Amino acid sequence: MEITNVSEYQEIAKQKLPKMAYDYYASGAEDQWTLHENRFAFTKILFRPRILIDVSKIDMTTTVLGFKISMPIMIAPTAFQKMAHPEGEYATARAASAAGTIMTLSSWATSSVEEVASTGPGIRFFQLYVYKDRNVVAQLVRRAERAGFKAIALTVDTPKLGRREADIKNRFTLPPFLTLKNFEGLDLGKMDQADDSGLASYVAGQIDRSLSWKDVKWLQTITTLPILVKGVLTAEDTRIAVEAGAAGIIVSNHGARQLDYVPATIMALEEVVKAAQGRVPVFLDGGVRRGTDVFKALALGASGIFIGRPVVFSLAAEGEAGVRKVLSMLRDEFELTMALSGCRSLKEITRDHIVTEWDSPHPRPAPRL
């Protein structure tokens, strides 16, 4: 069957992957209300396209933290990619590099920072979980720096792991042939079988619940890399993040895997953008499956978006070629949306190009009697 859009990869992944692996990637927390909403909320935003504009040349390039990329579509950190495909993070890194965009490597990758760097050139960010042992954190950050990673994406929404009931039912644990490669030498690479979710038990044992804003400051003392705060959903935390020296903010609800009944990220985006006041870039993570979604996020003030599940599903289906295809389909759809909306560059995408369900209705002239 010919794949014509990003969402079609999910069904193929479901057929190909063991149930435990598919459920781990696909599921959300508790009732999965936010998981559904991350997608559904995009339907509450409609276009106000401008016509008869010369769109023969369209420029999708942008810069993120000073790095030039081909399009505002980047790869979010997702764990355990070798559970989807034997080449795992290697394949994702090569696909991102070929597309001229950024890959974010998860702390819990099944390939190390050094291994991913060995795939060749590319702009890469490193997602960081803060472990109770700060020496482990400092070591990991230094390794990412040495391996040429350009920024740290600090995940701030996981003092405890969200309640993912599919993982509890499946007694989720990493397949025996895989390890958390970045922690292998530190005796933290293995995940034990548990009475519920092996990952939840691992997090309870290793991840620091005392993490606070002072640690964002501490991180800046151990690295010169810019720090993106990933997991912000409110204006209040946006202002604190900016004050704390964050170089950027990723509006994320962790793929709806942490606290259920938080808003869809596209719904939280505008509040965060307004609070940031242009002092730092704001990015959207969660629910993007179409080029139209990318445009809507940019119209609401995002500087770019990150995709997670589409990467692991396409990786499971077709390896590196699948991830390349996802990036090229989103790119083509986004370019088409720009053309049909009358935008030739990212800076021409404005709030006036969309109308949302939460806008006050556009005033209509009174009908003539």
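Glycine residues also receive a Cβ, built from the backbone N, Cα and C atoms like all the rest.
Per TrEMBL, the feature active site, proton acceptor maps to His254. Under the heading glyoxylate binding site, TrEMBL lists Tyr24, Tyr129, Arg164, His254, Arg257. The annotation FMN binding site is assigned in TrEMBL to 77-79, Ser106, Gln127, Thr155, Lys230, Ser252, 285-289, 308-309. The domain 'FMN hydroxy acid dehydrogenase' annotation in TrEMBL covers 1-359.
For the pair Ala79 (FMN binding site) and Tyr24 (glyoxylate binding site), the Cα-Cα distance reads 10 Å. Proximity note: of the listed binding-site residues (Tyr24, Arg164, Arg257), none has a CA within 10 Å of the CA of Asp285 (FMN binding site). Put simply, His254 (active site, proton acceptor) is 10 Å from Pro77 (FMN binding site) when counted between their Cα atoms.
When Cβ neighbours within 10 Å are tallied across all protein chains shown, the highest count among the binding-site residues Arg164, Lys230, Arg257 belongs to Lys230. Counting other Cβ atoms within 10 Å of each Cβ, the lowest count among the recorded positions Tyr24, Ala79, His254 belongs to Ala79.
Rounded to a whole number, the distance between the Cα atoms of Gln127 (FMN binding site) and Arg164 (glyoxylate binding site) is 21 Å.
Spacing of Gly287 (FMN binding site) relative to His254 (active site, proton acceptor) is 11 Å (Cα to Cα, whole number). If you check the recorded positions Tyr24, His254, Arg257 against Lys230 (FMN binding site), the ones with a Cα inside 10 Å of its Cα are His254.
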